[in-house]
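As structure tokens, the structure follows; a few thoughts come after it.
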């Protein structure tokens, strides 16, 4: 135990003495949290919008006004023909346009079916989907009010008989994407920093030759490894704390869950990451190699974590692969804890998997660490 | 007094694939002896030494260091030896004091012992003024002397020095050898490799390795007689050239 303390003391001294490393550990993650959380958005704003209005009546103009009133759409461009509109879409001058046919108002008054054409630039499929939903919503809302008006005017017997759905969004009621993204990005930062630092740390001692010196001392494998990794565990927890405070202050992300549970889970989770870092360290000879391998895994972990794309929409084999992705577990848990207020029993299955992962990973790391050459 | 063998090696061999780096070497080193381990670059000195200090497993043969087996008892060997590598192996980003404390600590010395050792050590080495300076700021010669002292911090029975004076100026080399003599006087066995033939003259006995084999082993005086020259340099050249 005493020996471990000597190593921990030495590691902390080296970390805090390294003036190049400190900003990387503490300032960069903060910058990333602030920048990424603001930039990584699903919200589509500033849609450049156009329309072709062949009807040119009060009703059709009313519809266009609805678009102009919306925050999501930029000032509409009016085109005289569908051909002109479609050319503009092709050039990328507009993101979407609607086509209002002749007799739009007349058909509505007569309760005849008429349709408005919606054309969306779908190169970015996800964005196109969102734009389509926005446009459809505006048109449906408008058609509902307008139909009601006509019914009164014409005093029709017939009443619109529509089954309507009223969405209620739980856990993130305002559909604020930052509430959704900030916890996830926090996970990335904690993971990246601890993986890179632990992965490069032991390999660095290999490079400068001090590891050989350590290996000829009677130090035990577990003493050395615990002493080496503990400081990074502390740094990981520190980053989580800084991140949570920023999430509250800058983004006002709610924290409805149990803070103790989050810290408890994170303390196990970081062990998984540190085990990986050590494992990488054991199989590489230079910091570059270690960095490259760590980076390779981090990119896969991030893209398959469910942070940016839902795991449910991945192909089956990919979903199966995500079982080996620690980031996936943490992203899910941090969202459950911060946004849903899940309790101990809710996170237990995932937490147990993480614990098993930590045990296996660290066993592998200790086993593969050799005091011989 | 010099009767007890602290290193005993018989037919020790290390193969890397088809290449025999160390070919069935046999020798013993007595307690308190300064044993010079010479050889050209690539002759297998470092490989042999790494087997003796327990970080490389031999392919075949027998060896006991401080009475412990190099196959099974490497951790016990490590408690009883000090090692100073070719590469400078203290931490550049720690101070003199912190390096001493760290290595004392991982050898399991008590706080009191560490403090005592440290003040002795910096006093002897004349490093009192720089105890709180980073090791990276010291000249190479000072670093080497410090590294040697640190390798002795736990009073090992044997200390292994792998080219300890490479790149060091003649005056510092002289001082370094005085330190080696001092340690040997106190009963520490010194196992040293070097490329400087004048240093070979300082050793009690030297072995000369050529292509993985020990081709000569005796006191410098007898070796010179045997090869009919008056310097170790010529002995080495005759052997190394075959």
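All positions are counted from 1 along the displayed chain.
Cβ atoms are placed via backbone N, Cα and C, with glycine included.
On a predicted model such as this, the values are computed, not experimentally measured, just so you know.
In TrEMBL, the feature transmembrane segment is placed on A:347-369, out of the ranges A:324-346, A:347-369.
When the ranges A:21-40, A:41-60 are checked against TrEMBL, the one recorded as transmembrane segment is A:21-40. Tertiary proximity for the transmembrane segment (A:229-250) is limited to same-chain residues at least six positions away from its ends with a CB under 8 Å from its CB atoms, namely 4, 8, 11-12, 15, 25-26, 29-30, 33-34, 37, 182-183, 186, 189-190, 193-194, 197-198, 201, 262-263, 266-267, 270-271, 273-274, 277-278. Counting only same-chain residues 6+ beyond the ends of the transmembrane segment (A:180-203), those with a CB under 8 A from a CB of the stretch are 11, 24-25, 29, 32-33, 36-37, 40-41, 172, 211, 228-229, 232-233, 235-236, 239-240, 243-244, 247, 251, 253, 266, 270, 273-274, 276-278, 280-282, 284-287, 289-291, 293-294, 297-298, 301-302, 305, 307, 326-327, 330-331, 334-335, 338-339, 369. Of the ranges A:21-40, A:292-311, A:347-369, the one with the most Cβ pairs under 8 Å to the transmembrane segment (A:262-280) is A:347-369.
Packing against the transmembrane segment (A:21-40) from elsewhere in the chain are residues 15, 178, 181-182, 185-186, 188-189, 192-193, 197, 235, 239, 242-243, 246-247, 250-251, 308: each is 6 or more residues past its ends and has a CB under 8 Å from a CB in it.
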